[in-house]
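Colleague: Straight out of TrEMBL:
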- 96-573: domain 'Major facilitator superfamily (MFS) profile' (DOMAIN)
- 93-110: transmembrane segment (TRANSMEM)
- 161-180: transmembrane segment (TRANSMEM)
- 186-207: transmembrane segment (TRANSMEM)
- 219-241: transmembrane segment (TRANSMEM)
- 247-269: transmembrane segment (TRANSMEM)
- 317-335: transmembrane segment (TRANSMEM)
- 355-376: transmembrane segment (TRANSMEM)
- 388-410: transmembrane segment (TRANSMEM)
- 422-440: transmembrane segment (TRANSMEM)
- 446-468: transmembrane segment (TRANSMEM)
- 489-510: transmembrane segment (TRANSMEM)
- 549-568: transmembrane segment (TRANSMEM)
């Protein structure tokens, strides 16, 4: 045996367990037979290393290398899902995309316009002390249903679920305008939150169905600009209706708009509905997971949102709801992990480090973004005493930058096939802008206030859709919908928790800084009573201190997101292949090896014949063959199999040497 063969044999004998390899006569691995080849051909390092990979990897592993990638583990139910991919030609794509963009715009006008109308609605419905529940109920309902929409769209089809969400939003807006008391209004805002959340989710999922991953950044970026545009138009339209007509007219305007975009969606959206009948589809629903997740989210977010403001933190209701909610979420995890055939939140996705980091970032930047969305206008209206329109005009600088740079980031990702540097730049700029908000005080000029908002807006534009593209790039196609819905769930949950914590910080700081006799103002931040100049100055100083405390809170949230970028690997926009059911090992794309010179081919070049880098076990018990482990390319590129002379593993080892080394590393 040659020295190099002896070395390789020693390596394999060390690495391979005694019962690993080929099941033949109970003697499973025979490296000495494998390496003692005739002199007319040469075995490559790639062949040896390929066998080592097959030997060491778990029997049911379907990953690159020996490390299990959870997002490639699929259940039988997931494999049976109807593939709704429908890549469209450009003309049809533009029509579909315009429909999605307009629908998303209507949804965000509804979500963001209401903040301007709350003081007027509170006075009209006699709900000054509870009016914040209008936003809270919508946000809780939105968050609760995020995890459901992804799987519902897998089961019932994208178009049907999307149209249902539009219908819910349209009906809810009509009923909001007809509400006669606060309770009715809060309930219908919750229904609107369910519909709006579905529109956001399904718009992103449908885009991923109709365009390739390589082009997805460009189109997701434009959708992100619709979010920013809705954030701009919503407050302005709501303010115009409040000043010129009535707050009810704002909702009555949105309802027919929803009907119109619903009709357009019905005729122009593509449809690839599942083949199953309705009852069979209904049986696929993860009822236990739906119940436990909804109960957990609702029972946790209600006390988190209202604790300290509407009921004491140490009250029996808050403690019991937090306890039961936590138990419900633990039950949800167990159900998804052990029992659900078609889980809404598949546990294997959390085995992928990059996916975990991106979801954690979604939670954190969702909390920070909602904090800015609510509390920068509050700072402008309270500490500066600006009008609603004036405040909206200043805040528009953030959302305009968000819209513009969302489009730019999408174009960059589609052209370069990379997203890592965009995410780094986004969180870096956002962290810088968050730090600059600490220069705000009662006397800061609007021109100075705009500068940090512009920087934050650029950062937000570089974050919202690129992080979604990154998540989809690290996920298999069958989980495209569920990874999108889970990302939106974490973002909305972060927003709900961020608003609750920001409100608690604001109220605590107000109580600590308000003059004696004005402590009750801490429970209502929507208006300031008529005061003399001395008292008014003291109250405004307290509001400024409270606003600064909220701004300080956002800095570590975004700072943690920036640090998390260290763990995000940019793998490009090449789709991850689905796991093969017959214990097949695959790599994500074809690799080509340079021609290699072999001593047994003097004067000629040989190399590996490539086949998209696939290593396969043909059967659970691999066949014991008398042929070589791979093919070589002889002089002139003619395939030359390794000849007889010993037992060999029957597998396709067409993997380039440098790729094998990358896998092992």
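Cβ from N, Cα, C; glycine included.
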Colleague: If we call contact 3 or more Cβ pairs under 8 Å (sequence gap 6 or more), are the transmembrane segment (219-241) and the transmembrane segment (422-440) touching?
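Modeller: Per Cβ check, the transmembrane segment (219-241) does not touch the transmembrane segment (422-440).
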Colleague: Return the average pLDDT for the domain 'Major facilitator superfamily (MFS) profile' (96-573) as a whole number.
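Modeller: That stretch averages a pLDDT of 86.
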Colleague: Which sequence positions outside the transmembrane segment (489-510), separated from its termini by at least 6 residues, show Cβ-Cβ distances below 8 Å to it?
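Modeller: Contacts with the transmembrane segment (489-510): 132, 135-136, 139-140, 142-143, 146-147, 197, 297, 301, 304-305, 307-309, 345, 359-360, 362-371, 374-375, 521-523, 525, 542-543, 545-547, 549-550, 553, 557.
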Colleague: What stretch, picked from 161-180, 247-269, 317-335, has the most CB pairs under 8 A with the transmembrane segment (93-110)?
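Modeller: Of the candidates 161-180, 247-269, 317-335, 247-269 scores highest.
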Colleague: Would you say the transmembrane segment (247-269) and the transmembrane segment (161-180) are in contact under the rule of three or more C-beta pairs closer than 8 Å, pairs 6 or more apart in sequence?
Modeller: yes
Colleague: Sort out the residues at least 6 away from either end of the transmembrane segment (355-376), same chain, that have Cβ-Cβ distances under 8 Å to it, and list them.
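Modeller: Those are 71, 112, 115, 135, 139, 231, 349, 395, 398, 427, 430, 434, 453, 456, 460, 463, 467, 470-471, 474-475, 483, 486-488, 490-499, 501-502, 506, 547, 550-551, 553-554, 557-558, 560-561, 564, 567-568, in sequence order.
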Colleague: Under a Cβ pair cut-off of under 8 Å, which of the recorded stretches 186-207, 388-410, 549-568 contacts the transmembrane segment (422-440) most often?
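Modeller: Between the stretches 186-207, 388-410, 549-568, 549-568 has the largest tally.
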Colleague: Quick test of the contact rule: Cβ under 8 Å, at least six residues beyond the ends. What residues does that give for the transmembrane segment (388-410)?
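Modeller: Distal contacts: 116, 217-222, 224-229, 231-232, 235-236, 239, 242, 372, 376-377, 380-381, 422, 426, 446, 449-450, 453-454, 456-458, 460-462, 464-466.
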